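J.: Sharing a structure, written as structure tokens. Questions coming.
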Amino acid sequence: MEGAGGENEKKKMSSERRKEKSRDAARSRRSKESEVFYELAHQLPLPHNVSSHLDKASVMRLTISYLRVRKLLDAGDLDIEDEMKAQMNCFYLKAPDGFVMVLTDDGDMIYISDNVNKYMGLTQFELTGHSVFDFTHPCDHEEMREMLTHRNGPVRKGKEQNTQRSFFLRMKCTLTSRGRTMNIKSATWKVLHCTGHIHVYDTSSNQPQCGYKKPPMTCLVLICEPIPHPSNIEIPLDSKTFLSRHSLDMKFSYCDERITELMGYEPEELLGRSIYEYYHALDSDHLTKTHHDMFTKGQVTTGQYRMLAKRGGYVWVETQATVIYNTKDSQPQCIVCVNYVVSGIIQHDLIFSLQQTESVLKPVESSDMKMTQLFTKVESEDTSCLFDKLKKEPDALTLLAPAAGDTIISLDFGSDDTETEDQQLEDVPLYNDVMFPSSNEKLNINLAMSPLPASETPKPLRSSADPALNQEVALKLESSPESLGLSFTMPQIQDQPASPSDGSTRQSSPEPNSPSEYCFDVDSDMVNVFKLELVEKLFAEDTEAKNPFSAQDTDLDLEMLAPYIPMDDDFQLRSFDQLSPLESNSPSPPSVSTVTGFQQTQLQKPTITVTAATATTATTTDESKAVTKDNIEDIKILIASPPSTQVPQEMTTAKASAYSGTHSRTASPDRAGKRVIEKTDKAHPRSLNLSVTLNQRNTVPEEELNPRTIALQNAQRKRKMEHDGSLFQAAGIGTLLQQPGDRAPTMSLSWKRVKGYISSEQDGMEQKTIFLIPSDLACRLLGQSMDESGLPQLTSYDCEVNAPIQGSRNLLQGEELLRALDQVN
């Protein structure tokens, strides 16, 4: 028994020794293996901090990849690098917007550049030696294998095998939108545009002596560029880049306006049209496949293709397209494209599609287009030129037909009548400071601010209800030794203490010097003020065509006729002297005189002063003072004066008034008590400081106006309104045929724009004074004979009138007015 026990102990001891020796041997082998891997890791072209932390599998993986790369490099004919090439090596990876990857025929990544971490978040040593199929989308594996396959079969004579590769690959990315890295298990897919070629390396020169011939080594060299998302583009787009958005059928839903400069298209004309209509036919197959990849993988880059320009030819474009998905149901919503135009228009004289012929073929001009061009041209034209155009296109005049309810004026363009009217127009000196620019000053007048629509065609101020009015218009257009002054004054909110002005000063106020003082400019805002019903009421006329310059033989006194009150409901017939007790309830300060009752309700808004009389202090008589060059220069100085200077404007009070002395049966009401109110707009220091003469109220608020006085005033206002309106209106109709280019609409509408100007500019915050330079025709008017009785002398009091608000309900009409006039006389 003892012997058997001793043998068992010996066996145990021997087995333990063997196990210990085995462990020691394994430990020794592992240590030697570790030393080998350590030495091998340090032979790799990797930083020490990276190679020292590699496991054995990684060392073997990287070593194999390194040997394969060396094999590729040895197989190629490499030149010895000089110092210049060695310095340029560091810039090669910065040129492409991506990283370099080399794959074997079985998909192993034997090389990948170190800047892959910048785009994918994965490091170089984590990818090198691994299979590309471990990091790509499963749906792309089949396409990836096709790209790696190189067919070595026979090739047709004269045709080389295509080794170029371009495809889109979805690869794992551990980068977040904020630039942080995540775990590989949580990685997302990023679309890479991979371009490169297949390289076949023949290694037969380095084969061993045994005679065994190794097969050539096939590698796929790629440059992988990630496609940026449109929402993450950090670099601002240059002028050669435009954005576009498309629906899922590739129709435009938005396009950047920069496409107009680059290709000639307007963004509006592209909306709703397919992008395929603008592709070159030779690139349609390539782009169709690209769009298929876009819907499959989410992003694509088209590469350079040809896109047709609008007026012929094409440009080279490269597009980055991204499918935008709905955040709720993850369904595709639209496509956003970033289009880079890489060339100018090539072969611009060639037509490639029907869309390009739209800009080449001359469109058929319709009568609408011709008439629009004819009556909206700003250049000046001769009368004969206009006559020839209208003679060739007589049917085009139907476009100027008035709206329903308007009066139709027949236009006769016969040669005899035209010559007769031209002769009459030459004999009539017209006020052309607003309607016509002076030939000496070359004033520029914008035609776009004056014309009215076709339904508001200007009409002569004539009335069948008052035939004597037509004679009065013609008589007042005759030459006159007297000149007229016209002033329309509107109050302003800010009040300043009134400066005293004695009666002698007002009596020495000079007469208006020239007819140009009747003419005044208006702003382009007046076009928006007119209404059709107001124009129809103001310019009611007879249906039969009459000569506006014809005069009747019988001399009728307008004061004995019923007053013609325009049915314009915008203003009241009020002046500074006759203010009713109702004005005492106005919210305006008592120191500010108002023009009309309508203006009193708008005193919270600053208004405008339009003054046509030039400022002067010289005492004049009834004899008119001719306009000289000195007067014109004085007016120019007033216009060019700096805004900070004070320009006093004194309203004239002519002694030889049209309604005083022998010119009228009733003298003008006493206007003693005028005072000059210095208006200084402190809120606008650059505005002119105007000194405007206003009439002081002498009426007691409790007393009522005498009906006789009202009737007399209405008759006077009616005469003045018809006289002033006839001047502008008759001149406008006559000159429409004389110079139709750019002045007739402005001239014929001047009187209407005066009334609208006061009401439309009440919303402005500044007070303006507009001076007009007298023109050559105004000088002709002053140079006429002084033998005949001509234009009556009107004062500022006579001109400060407007139309009533309540119409004729409170006014005397017909026989009642005649009886009131007889009692006054």
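Just so it is clear, glycine is given a Cβ too, placed from its N, Cα and C backbone atoms.
So Swiss-Prot lists the following for this protein:
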type     : residues : note
COMPBIAS : 7-30     : compositional bias 'Basic and acidic residues'
COMPBIAS : 492-516  : compositional bias 'Polar residues'
COMPBIAS : 654-667  : compositional bias 'Polar residues'
CROSSLNK : Lys531   : ubiquitin cross-link
CROSSLNK : Lys537   : ubiquitin cross-link
CROSSLNK : Lys546   : ubiquitin cross-link
DOMAIN   : 17-70    : domain 'bHLH'
DOMAIN   : 85-158   : domain 'PAS 1'
MOD_RES  : Ser247   : phosphoserine
MOD_RES  : Pro402   : 4-hydroxyproline
MOD_RES  : Ser550   : phosphoserine
MOD_RES  : Thr554   : phosphothreonine
MOD_RES  : Pro563   : 4-hydroxyproline
MOD_RES  : Ser575   : phosphoserine
MOD_RES  : Ser588   : phosphoserine
MOD_RES  : Ser657   : phosphoserine
REGION   : 1-30     : region 'Disordered'
REGION   : 1-401    : region 'Interaction with TSGA10'
REGION   : 21-30    : region 'DNA-binding'
REGION   : 170-191  : region 'Required for heterodimer formation with ARNT'
REGION   : 401-602  : region 'ODD'
REGION   : 492-520  : region 'Disordered'
REGION   : 530-574  : region 'NTAD'
REGION   : 575-784  : region 'ID'
REGION   : 579-602  : region 'Disordered'
REGION   : 654-674  : region 'Disordered'
REGION   : 785-825  : region 'CTAD'
J.: Do any residues, 6 or more residues outside the region 'DNA-binding' (21-30), come within under 8 Å Cβ-to-Cβ of it, and if so which ones?
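T.: Same-chain residues near the region 'DNA-binding' (21-30) but 6 or more away: none.
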J.: What same-chain residues lie close to the region 'Required for heterodimer formation with ARNT' (170-191): Cβ under 8 Å, and 6 or more beyond its ends?
T.: 119-122, 135-137, 139-140, 224, 226-227, 232, 297-300
J.: Please list, for the region 'Required for heterodimer formation with ARNT' (170-191), how many residues fall into helix, strand and coil according to DSSP.
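T.: For the region 'Required for heterodimer formation with ARNT' (170-191), the helix, strand and coil counts are 3 helix, 10 strand, 9 coil.
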J.: At a 10 Å cut-off from the C-beta of Ser247 (phosphoserine), count the other C-beta atoms across all protein chains.
T.: 13
J.: Under the DSSP assignment, what numbers of helix, strand and coil residues are found in the domain 'bHLH' (17-70)?
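T.: So the counts come to 46 helix, 0 strand, 8 coil.
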